[in-house]
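*Asks:* One structure is given below, represented as structure tokens, and several questions about it will come after.
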Amino acid sequence: MSDYKSTLNLPETEFPMRGNLANREPEMLKSWNEKGLYQQIRESRKDSKPFILHDGPPYANGDIHIGHSVNKILKDIIIKSKTMSGFDAPYIPGWDCHGLPIELKVEQKVGKPGHKVTASEFRQKCREYAAKQVDGQRDDFIRLGVFADWQNPYLTMDYNTEANIVRSLSKVIDSGHLHKGVKPVHWCTDCGSALAEAEVEYEDKMSPAIDVAFTAVDKPALLAKFGLTEYAHPISMVIWTTTPWTLPANRALSVAGQLEYTLVEMVKDGQTQALVLAQELVESCVERFGAETHKVLANVLGSELELLRFNHPFYDFDVPVILGEHVTVESGTGVVHTAPGHGQDDFVVGQKYGLEVANPVGDNGVYKADTEIFAGQHVFKANKAVVALLEEKGALLNHVAINHSYPHCWRHKTPIIFRATPQWFISMDQKGLRTQALSEIEKTQWIPDWGQSRIEKMVENRPDWCISRQRTWGVPITLFVHRETEELHPDSVSLMERVANRIEQEGIQAWWDLDAAELLGDEAEQYRKVTDTLDVWYDSGSTFSSVVASRPEFNGHEVDLYLEGSDQHRGWFMSSLMISTAMNGKAPYKQVLTHGFTVDGKGRKMSKSVGNVIAPQHVTNKLGADILRLWVAATDYSGEMTVSDEILKRSADAYRRIRNTARFLLANINGFNPETDMVAVEDMVALDRWVVRRAAALQQELLEAYDQYNFHLVTQKLMQFCSVELGSFYLDIIKDRQYTAKDDSNARRSCQSALYLISEAMVRWIAPVLSFTADEIWKLLPGERGEFVFTETWYEGLQSVTLDSDLSDEFWEQLLTVRAEVNKVIENARREKQIGGSLEAEIMLFADEALSTALSTLGDELRFVLLTSKTDVVALSEAPADAIETELASLKLGLKKSEAEKCERCWHHREEVGQVAEHPTLCTRCVTNIEGEGETRQFA
């Protein structure tokens, strides 16, 4: 054989079998950065049609987690695929930099503002901390192979962005959407200040649990709802609460509209009365109340009770029944005492019904001087007094002490309260914001489409948006309020622009340093500066204006796509929609895509305590970013995204299949010059024409899947092509022709031309997903080309190929099926040691007339398709009794070991081996390929 080895066209490539991605990728990143790849891409798409994906900013605190990776990789795949489609798709990454988590981190280091450090110094420390966090996260995102303008990201703490956030608020105000109101917040009476969620800890606490009766104002109206006409005894609706001190602020009774409520008669201590209770809780309630006897009088849906009125148990006013989604039957009575000034759920439902937000409690936890009966008492100490008064009024049905989980201040470890405080709101209804936002939702494409109904329900039900916070590190609400009337300064909008100009130069500290007289002159004494800061959701929600509208890369274009996790319907998608609609009367986006959360192999959330966290840094350091990227692309993001070491291992296996396909392609176009060696499609061998046609059809499917953001379909179709059409069929068949044909023959160049065309197309197909691997392949492809695949567009060399009428797509599909059946028979023969390899086999195909006609089309070249040394097509009717059945009714098979000599060069067993005296170990085909014109192939 050694004599003939040099006559073979053996595959050769510098593209290694092993990706070694973890080591090789950082080198590529360095090269991309040094060569300004992102700017090269921008330059290549200058003046092209824009596609704007606006980056929802992650919070600048802590390391990135797997969810961050999913998000950034999905965005990157879209940006790259849109770029390949010819769009100018800049990507400006952003970070959310203000807010409580950063304050808490800085507090741990330097203490609270106003103690060891001034508020100004504290803000500077927050700015420095956020900048450091951004640097760490940026490095991790870059490592994922995400292309972006990493040197010029947007930060919500950039001076110009802070200024633009203020300008955005001025437009919202100018449009008439701002109003001042009150809202309950966590309040520590020891701190004398509001607490954020992160500052609240839950500890066990003993509290009084009481059942309280509210008597009916209009008995006949209530009875009518239950289908009754008269009843001689008192009727009450009963609430259960563990915070008796909030009863002075009661303004309603909440029931669940969809629950059944029962009017139950109870006799206790000789007294008869009827009570309204949730049907499911009647038995537990009457037992708790110590009833001697009870009977059900009637039932009705909670929704029927809406707006009936009941008397407050100790004040001289009555309150309505309202419907609340927060009402459950887990405990209590199924009726919830509602004090909008002392609870978030109460406040939200109270907003819907326009209830007064009563706040009888001062900063120090003591009832204010105008609080009837309880003025001057501390709320927790007043519990006993409230209970005693209820008993005196005959309204107390039960009283016990319970131990339950209760919010405490994380600093003082003392119980806290919910307390209404003055806040700034964007109104949902005073200028029609809710109606307009719902209209805009309909005009937006939501992917998946259930996102539309989800955000619609949220907008329909959401209360006014409280945009103010009492924090130090945040964009200030730059308003001047009249000291007596609490009215905004009449020139607020123009004053805000002047403040914004200062912030643009000096950052948000400019507001706190500002002397009101500098802007207001003599009016300064009549006005006070607002010291509240904006909710950080306002910061990020206004970036369509504060960032997109001001960055030159976006050139004034509107945003095409927002893409975030499914929690952002309530978060960034919502805040952006509200602000944009309030400012401009329209949504800030045309499409909104959401992806699910990452969960482990058992469907559990990632949690350090469970120990199931998969850090993206660990994956890139061990397997490489391309493996992580392939997992993201291959996973259907519309639901939960499952990830585990086992799943990533499967991604690595899939990656190897793609890599091995690419390696085969590169190895077999080694030495091929597309300028001089390309065979025109019409002159190609039929099988080569077919595979180019399949690649062209696949490209259409892939481009459609990319365009519709169906990346899991991209990977599925690509894997199918690599594994089935190429791996199991085409590449297997062409090895003989590729290796043994005369090196410059049409038979071989036809094959190489097809491989080259597929390579040019495939490197582009995979570039948005397997970016590192695509770059590696690109550099090894023959022919003149640009430096990077990422500046290219989809390959246009896969022109439509017309197949011979006899050799249609259906013909080749049929051949694939026949070959699969033949392979089963050959594999079985190998297992039973009947033959060594497929080339030792001679195959008889007993086929019906239609199949026989099709197979005979290929003549002697059928053996190359079936990878056997000899094939005979025989009529099905002549099949012997021992012929092997197949899955096809039209085909039976026979196999025997060839008795012919084996050709030393091509390994086929042929009768003509040794017919040429000078080459006694070769078949005549190999002799022709070595010394003659070279064999002619027409079909395969």
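Glycine residues also receive a Cβ, built from the backbone N, Cα and C atoms like all the rest.
Relevant sequence annotations retrieved from Swiss-Prot are reproduced here:
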{"type": "BINDING", "residues": "E564", "note": "L-isoleucyl-5'-AMP binding site"}
{"type": "BINDING", "residues": "K608", "note": "ATP binding site"}
{"type": "BINDING", "residues": "C903, C906, C923, C926", "note": "Zn(2+) binding site"}
{"type": "MOTIF", "residues": "58-68", "note": "motif ''HIGH' region'"}
{"type": "MOTIF", "residues": "605-609", "note": "motif ''KMSKS' region'"}
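For the listed features, I'd like the structural context: burial, neighbours, distances.
*Replies:* Within the same chain, residues at least six positions away from E564 (L-isoleucyl-5'-AMP binding site) with a Cβ under 8 Å of its Cβ are G56, N71, G571, W572, F573, T594, H595. In the three-state DSSP scheme, E564 (L-isoleucyl-5'-AMP binding site) is classed as strand.
A coil conformation is recorded for K608 (ATP binding site) in the three-state DSSP classification, outside any helix or strand. Taking a C-beta cut-off of under 8 angstroms and a sequence separation of 6 or more, K608 (ATP binding site) has no same-chain neighbours.
Under DSSP, C926 (Zn(2+) binding site) is assigned to a helix (H, G or I) in the three-state scheme. Around C926 (Zn(2+) binding site), the same-chain residues six or more apart in sequence whose CB sits under 8 Å from its CB are Y4, T740, C903, R905, C906, H919, listed in sequence order.
Within its own chain, the motif ''HIGH' region' (58-68) has Cβ neighbours under 8 Å at 95-97, 99, 101-102, 105, 130-131, 133-134, 136-137, 140-141, 155, 565, 597-598, 606, 613-617, 643, counting only residues six or more beyond its boundaries.
Residues of the same chain lying 6 or more positions beyond the ends of the motif ''KMSKS' region' (605-609) and with a Cβ under 8 Å from any Cβ of it are 65-67, 597-599.
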*Asks:* At a 10 Å cut-off from the C-beta of C923 (Zn(2+) binding site), count the other C-beta atoms across all protein chains.
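*Replies:* So the number of other Cβ atoms within 10 Å of C923 (Zn(2+) binding site) is 28.
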*Asks:* With helix taken as DSSP H, G or I, strand as E or B and everything else coil, how many residues of the motif ''HIGH' region' (58-68) land in each class?
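*Replies:* Across the motif ''HIGH' region' (58-68), the residues distribute as 3 helix, 1 strand, 7 coil.
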*Asks:* What are the other residues, in sequence order, whose C-beta lies within 8 angstroms of the center of the C-beta atoms of C903, C906, C923, C926 at the Zn(2+) site?
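*Replies:* Other same-chain residues near the Zn(2+) site: T740, E904, R905, W907, H908, R910, V913, L922, T924, R925, V927.
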